[in-house]
Amino acid sequence: MSTPSAPHGDLTDMKAILAKVAAGNALNEAEASLAFDIIMSGNATPSQMGGFLMALRVRGETVDEITGAARVMRAKAIPVEAPDGTIDTCGTGGDGSGTYNISTAAAVVIAACGVPVAKHGNRAMSSKSGAADVLGALGVNLDCDLGLVRKALWDARIGFLMAPRHHLAMRNVGPTRVGTRTIFNLLGPLSNPASAKRQLLGVYAKQWVEPLAHVLKRLGSEAAWIVHGSDGLDEITTTGPTTVAQLKDGEVTVFEIEPEQAGIFRARPELLKGGDAHVNAEAIRALFDGAQGAYRDIVLLNAAAALHVAGKAGDLKEGDERARHAIDSGAARAVLQHLVSITNSSITNEPVAAP
């Protein structure tokens, strides 16, 4: 796909852009779009790319810069058509927590409540099991035709969008390693190929909660919660309070929530620790078969928040009740089985059912 057609800033090449950021100056959105277009088109040298990313990192990326970069990521992505009302539950990763797969399990529960979920993700960054790892262990075919991803999204109400398959331009970035987090750690959750207009987005550091809400506002999101747990999780945590930046009706507000608001007891952090993909897959199967405990509680809390963002629950308590019913009725287990079945099927010319 072509990149955004909006006019760029005054800078016209990577050398000029690099000089500006190296001097400690911020780029405007158009200049940032130009820079990332150059990088993702393979027209920046490794040294230019590394220097640019580190200069942004040292100074601190701005809302303009993140927005401009995300526009390029979105424009270059291979898209997937999604139903109206689709939500994404995604995190930046990198929180180093090693928990069970929380947002992935919550995504299945949300879909079982009737809300389409375009789950955008990748393999593990900070744990032994990322979204792709655990879904693969559950039997989802991660290499299925993209037509089947679309079919799953419409028919099972959940599709897994494997980031490297949709963001081919990232191949031009992959060889560059600067040994620390960069803006690209933030861009994945902002670049859903299904153009989901509603997001529950977890971040690895509290400093990004409010800025990313403003980025999503600029990118046209209708509603979003950007969250960071007080224990460091890029999820809504059950061990204590969670900082939330809410995008609603074009306004961004920041507040804290507590698990008790959903009727959920606080948990000890060690009860959320997971294992490798197979251990975490078994935990998800047990959860959908009715297992109780801290893992169920944190999945319920995150699903409840997503249902609220999706406009399907007035508050966390109502969202929690809907999520509980989705698990206890067997609907979540059925959705997972449907997802596995579709991704392991053959492409047909049958029309995709509307939700």
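Cβ coordinates are placed from backbone N, Cα and C, and glycine is handled just like the others.
Quick look at what Swiss-Prot annotates:
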type: BINDING; residues: Gly91, 94-95, Thr99, 101-104, 119-127, Ala131; note: 5-phospho-alpha-D-ribose 1-diphosphate binding site
type: BINDING; residues: Gly91, Asn122; note: anthranilate 1 binding site
type: BINDING; residues: Ser103, Glu235; note: Mg(2+) 1 binding site
type: BINDING; residues: Arg177; note: anthranilate 2 binding site
type: BINDING; residues: Asp234, Glu235; note: Mg(2+) 2 binding site
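Distribution of Swiss-Prot features across the structure.
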residue	record	Cβ neighbours (10 Å)
Gly91	5-phospho-alpha-D-ribose 1-diphosphate binding site	27
Thr99	5-phospho-alpha-D-ribose 1-diphosphate binding site	22
Ser103	5-phospho-alpha-D-ribose 1-diphosphate binding site	25
His120	5-phospho-alpha-D-ribose 1-diphosphate binding site	28
Asn122	anthranilate 1 binding site	18
Arg123	5-phospho-alpha-D-ribose 1-diphosphate binding site	17
Asp234	Mg(2+) 2 binding site	29
Glu235	Mg(2+) 1 binding site	28
Thr99 (5-phospho-alpha-D-ribose 1-diphosphate binding site) and Glu235 (Mg(2+) 1 binding site), compared by Cα position, are separated in whole Å by 10
For Asn122 (anthranilate 1 binding site), the spatially nearest of the binding-site residues Gly91, Ser103, Asp234, Glu235, using Cα atoms, is Gly91
Near Glu235 (Mg(2+) 1 binding site) (Cα-Cα within 10 Å), the binding-site residues in question, chosen from Ser103, His120, Arg123, are Ser103
Simplified to three states, DSSP reports Glu235 (Mg(2+) 1 binding site) as coil
